[in-house]
């Protein structure tokens, strides 16, 4: 009973971070098992390991994508490593809203439970991890599995938003006097930028999937062409979240690598200020390139030229980061010890 209360009711940032890491790693193993079934099915001609059940193959693809994105990668970085290390690196005793931190973890658990419920309900949700209409519309998937999936996305998104608000409150409200923003490690900067990305993009995704629920259950026609809706509206809303999601995943890793370089090399990364500005620039440009995921839908030439050009621009701040890391590696004596 003591251990159950310690885990379930704990408000310690370290305990919550470890719970996030443990659950997310288990979810990662589950997603990996799904990917093995997908590869086995593709490697066999004719009826494979799924015995010709094409719907269940689509369910596996959907669950694998959603689990890996929402239940593995994001919780490992923002829920696990950020929760555990940001207060330690900042000199704070804990996060500014400890109970909100605990609430975000249990909302994450509830979202994962809703996702598993969608997997096990009737024939499952064979809609793809992007959840495009018309596959998710009631005419093609009338079961409650799709509703469970949308509800899971809502819960997982709210969990990430609460976690991000907690992080922003911790960094800005608990900042010590005379402690400059430039004194933050690059991992803290990466976590801050990622939290802002989550707060901006997740409500857009939530709005898009809420309209899906309305189409399925309340006879609206936001994505029904016959009723005056637009199928591409959901794609724009989804990829406005989906492309910054790439940077939500990678920017904390940028900061983590920079911090590892500093620790192993016993010196600051070359041009830390440029590293901060490059992460900020990557995040800003990431909001203006979402439609390069939609080139096949028939956009005009000017639109494709714009999104393609801005996509190329993201390579510039990325090159700055790679140059600074390379320079730090070349002119630093790293100490890496391997124990027998």
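Keep in mind that glycine also has a Cβ here, set from the backbone N, Cα and C atoms.
Secondary structure at residue 41 (Ca(2+) binding site), taken from DSSP and collapsed to helix, strand or coil, is helix. Taken from Swiss-Prot, the feature Ca(2+) binding site applies to 41, 46, supported by similarity to another entry.
Swiss-Prot lists 64 with the feature Fe(II)-heme a binding site, giving similarity to another entry as the kind of evidence. Residue 64 (Fe(II)-heme a binding site) counts 20 other C-beta atoms within 10 Å of its own C-beta, drawing on all protein chains shown.
DSSP assigns residue 292 (Cu cation binding site) to a helix in the three-state reduction. Within the same chain, the residues at least 6 positions away from residue 292 (Cu cation binding site) whose Cβ sits under 8 Å from its Cβ are 243, 307, 308, 311, listed in sequence order. The Cu cation binding site annotation in Swiss-Prot covers 243, 292, 293 and rests on similarity to another entry.
What Swiss-Prot lists as O2 binding site is 247, and the listing cites similarity to another entry. Within the same chain, the residues at least 6 positions away from residue 247 (O2 binding site) whose Cβ sits under 8 Å from its Cβ are 194, 197, 282, 283, 286, listed in sequence order.
Residues 7, 10, 49-50, 57, 60-61, 63-64, 67-68, 71-72, 75-76, 79-81, 83-84, 105, 108-109, 112 of the same chain sit 6 or more residues outside the transmembrane segment (18-38) yet have a Cβ under 8 Å from a Cβ within it. Sequence annotations record features per position, and here Swiss-Prot assigns transmembrane segment to 18-38 (among others).
Look at Swiss-Prot and you will find 42-62 (among others) tagged as transmembrane segment, backed by sequence analysis.
Among the features that Swiss-Prot reports, transmembrane segment is placed at 66-86 (among others).
The transmembrane segment annotation in Swiss-Prot covers 100-120 (among others). If you look at the transmembrane segment (100-120), the same-chain residues 6 or more away from its ends with a CB under 8 A from one of its CBs are 9-11, 13, 16, 19-20, 23, 27, 59, 63, 66-67, 70-71, 75, 79, 83, 144-149, 151-156, 158-160, 162-163, 165-166.
According to Swiss-Prot, the feature transmembrane segment maps to 148-168 (among others), an assignment based on sequence analysis. Listed by sequence, the residues of this chain that lie at least six past the ends of the transmembrane segment (148-168) yet keep a Cβ under 8 A from its Cβ atoms are 62, 66, 70-71, 74, 78-79, 82-83, 86, 95-97, 100-101, 103-105, 107-108, 110-115, 117-118, 121, 125, 127, 131, 136, 191-192, 194-196, 198-199, 202-203, 205-206, 209-210, 212-213.
The annotation transmembrane segment is assigned in Swiss-Prot to 186-206 (among others).
Residues annotated as transmembrane segment in Swiss-Prot, with sequence analysis given as evidence: 237-257 (among others). Same-chain neighbours of the transmembrane segment (237-257): 69, 73-74, 77-78, 81-82, 130-132, 185-191, 193-194, 197-198, 200-202, 204-205, 207-208, 275, 279, 282-283, 286-287, 289-294, 321, 325, counting only residues six or more beyond its ends whose CB sits under 8 Å from a CB of the stretch.
Among the features that Swiss-Prot reports, transmembrane segment is placed at 279-299 (among others). Long-range contacts of the transmembrane segment (279-299) within the same chain, counting only residues at least 6 positions beyond its ends with a Cβ under 8 Å from a Cβ of the stretch, are 186, 189-190, 193, 196-197, 200, 232, 235-236, 239-240, 242-244, 246-247, 251, 254-255, 307-308, 310-311, 313-314, 316-318, 321.
If you look up Swiss-Prot, you'll see 305-325 (among others) marked as transmembrane segment. Below 8 angstroms of C-beta separation, residues 254, 257-258, 261, 269-271, 274-275, 277-279, 281-282, 285-286, 288-292, 295 of the same chain, each at least six residues beyond the ends of the transmembrane segment (305-325), sit close to that stretch.
Here residue 293 (Cu cation binding site) comes close to 235, 239, 242, 243: these same-chain residues lie at least six apart in sequence, with C-beta atoms under 8 angstroms from its C-beta. In sequence order, 239, 242, 289, 290, 291, 294, 307, 311 are the same-chain residues whose CB sits within 8 A of the CB centroid of 243, 292, 293, the residues recorded for Cu cation being left out. Taking the Cβ of residue 243 (Cu cation binding site) as centre and 10 Å as the limit, one finds 22 other Cβ atoms among all the protein chains shown. Residues 77-78, 82, 85-86, 89-90, 153-154, 157-158, 160-161, 163-165, 167-168, 171, 237-238, 240-241, 244-245, 247-248, 251-256, 258-259, 262, 269, 272, 275-276, 279-280, 283, 286-287 of the same chain sit 6 or more residues outside the transmembrane segment (186-206) yet have a Cβ under 8 Å from a Cβ within it.
Within 10 Å of the Cβ of residue 46 (Ca(2+) binding site) there are 5 other Cβ atoms, across all protein chains.
A Cα-Cα distance of 14 Å separates residue 64 (Fe(II)-heme a binding site) from residue 41 (Ca(2+) binding site).
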